[in-house]
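A short write-up of the structure that comes next.
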Amino acid sequence: MSVRRLAEDTVQPAAFAFSKENAAWAEATIKKYPEGREQSAVIPLLMRAQEQDGWVTRAAIESVADMLGMAYIRVLEVATFYTQFQLQPVGTRAHVQVCGTTPCMLRGAEDLIKICKKKIASEPFTLNEGGTLSWEEVECQGACVNAPMVMIFKDTFEDLTPERLEEIIDRFEAGKGSEVVPGPQIDRVYSAPIGGLTTLQAPEPVEEKKSVRASKAKDEQAVSVPPSNAAKPSTATDVTNPTLKTPATARKAAAKNVKIEGETVDKSKPAKKPR
C-alpha cells in the first residue's frame with residue numbers, strides 16, 4: 001500500500017471551522033453514539049469536513065480530534081488510511097476519479113485517462129489553471145458491469161466513451177455539473193442489459209377471480225373425510241391387542257387344551273423333533 005501524507009505546509013490553511021449548518025449536523029451526529037463511544041463519529045465528521053472544503057486539511061483533522069476528545073495522531077491515522085479522504089487540494093468543481101481496474105481497463109479506461117490529461121492536467125492530483133478541476137486513477141468503484149466509469153465526488157458516471165467524458169468535464173468546468181444525470185450514460189437502466197431486458201418479459205399471469213357464491217357452493221359439495229389413524233404410532237401390545245384371542249400371560253395354560261385339526265394333544269407322548 002502506498003504511503004499517504006498530508007499536503008505541504010505551504011497549502012495548508014491556518015484554521016478550520018465547520019459552517020453553522022455543518023456544526024449543527026456534527027453535534028447531532030455525535031449524539032447518535034452511546035456515551036463513551038462518541039469517537040466512532042470520526043469518519044462521518046472527516047467526510048463532512050472534506051465536503052465543505054474539498055479536501056481534508058491538517059486544521060480539519062485537529063478540529064475533529066478536539067470535538068471528539070481524541071489524540072491528533074488517532075484522527076490522522078484514520079484520514080491517511082482511507083483513500084476516500086483527499087489529503088491535498090483537489091478541483092473545486094470536479095475531482096475526477098477514473099477506475100483503472102481490469103474490467104474498466106479492458107473496456108477503455110486508458111482512453112478516459114487520456115481525456116483527463118488533455119482536459120485537466122498531465123499528471124494526477126494536479127490542479128488545472130483555474131484550480132477547478134483535478135483527476136486521479138483509482139481502484140475498483142463497484143460498477144464493473146457498466147465499465148468504464150468515473151466518480152466525481154459522490155456520483156458515478158458509467159458506460160462512458162471518451163467523447164462523453166469530455167462533455168461531462170466541460171459541464172462541470174462551466175459550473176453546470178448538477179445538470180449531468182449520474183449513472184449509465186447510454187440506454188441502460190442501472191445494470192440491466194444494453195438495449196433493455198432480454199428475459200422475464202412475459203406478463204405476470206393473472207389469477208382468475210371467482211365469485212364468493214361459487215366458492216361457497218364448491219365448499220358445500222366437498223365430502224368430509226373422517227380423520228385417519230395411519231400416521232399415528234401404534235400403541236397396541238400383546239396384552240391389549242383385541243385381534244389376539246388369548247392374552248400372552250395365558251398362552252402356556254391354554255396350549256394344554258389346544259386342538260390341532262380336531263385332535264387333542266397327548267402330553268404323554270414325546271414331542272417330535274423338528275427335522
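Each residue, glycine too, has its Cβ placed from N, Cα and C.
Features as listed in Swiss-Prot:
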type: BINDING; residues: CYS99, CYS104, CYS140, CYS144; note: [2Fe-2S] cluster binding site
type: REGION; residues: 200-275; note: region 'Disordered'
type: COMPBIAS; residues: 206-221; note: compositional bias 'Basic and acidic residues'
type: COMPBIAS; residues: 231-242; note: compositional bias 'Polar residues'
type: COMPBIAS; residues: 243-256; note: compositional bias 'Low complexity'
type: COMPBIAS; residues: 258-269; note: compositional bias 'Basic and acidic residues'
Subject >> Other residues, Cβ within 8 Å of CYS99, CYS104, CYS140, CYS144 Cβ centroid ([2Fe-2S] cluster site) >> reply: GLY100, THR101, THR102, PRO103, ALA109, GLU139, GLN141, GLY142, ALA143, ALA147, PRO148, MET149
Original post:
Which chain-mates of CYS104 ([2Fe-2S] cluster binding site) that are at least 6 residues away have a CB under 8 A from its CB, listed by sequence?
Top reply: VAL98, CYS140, CYS144, ALA147, PRO148, MET149
**OP:** Please report the number of other Cβ atoms within 10 Å of the Cβ of CYS144 ([2Fe-2S] cluster binding site).
**Re:** 18
Original post:
Among the binding-site residues listed here, CYS99, CYS140, whose Cβ has the fewest other Cβ atoms inside 10 Å?
Top reply: CYS140
**OP:** Please report the DSSP secondary structure of CYS144 ([2Fe-2S] cluster binding site), reduced to three states.
**Re:** helix
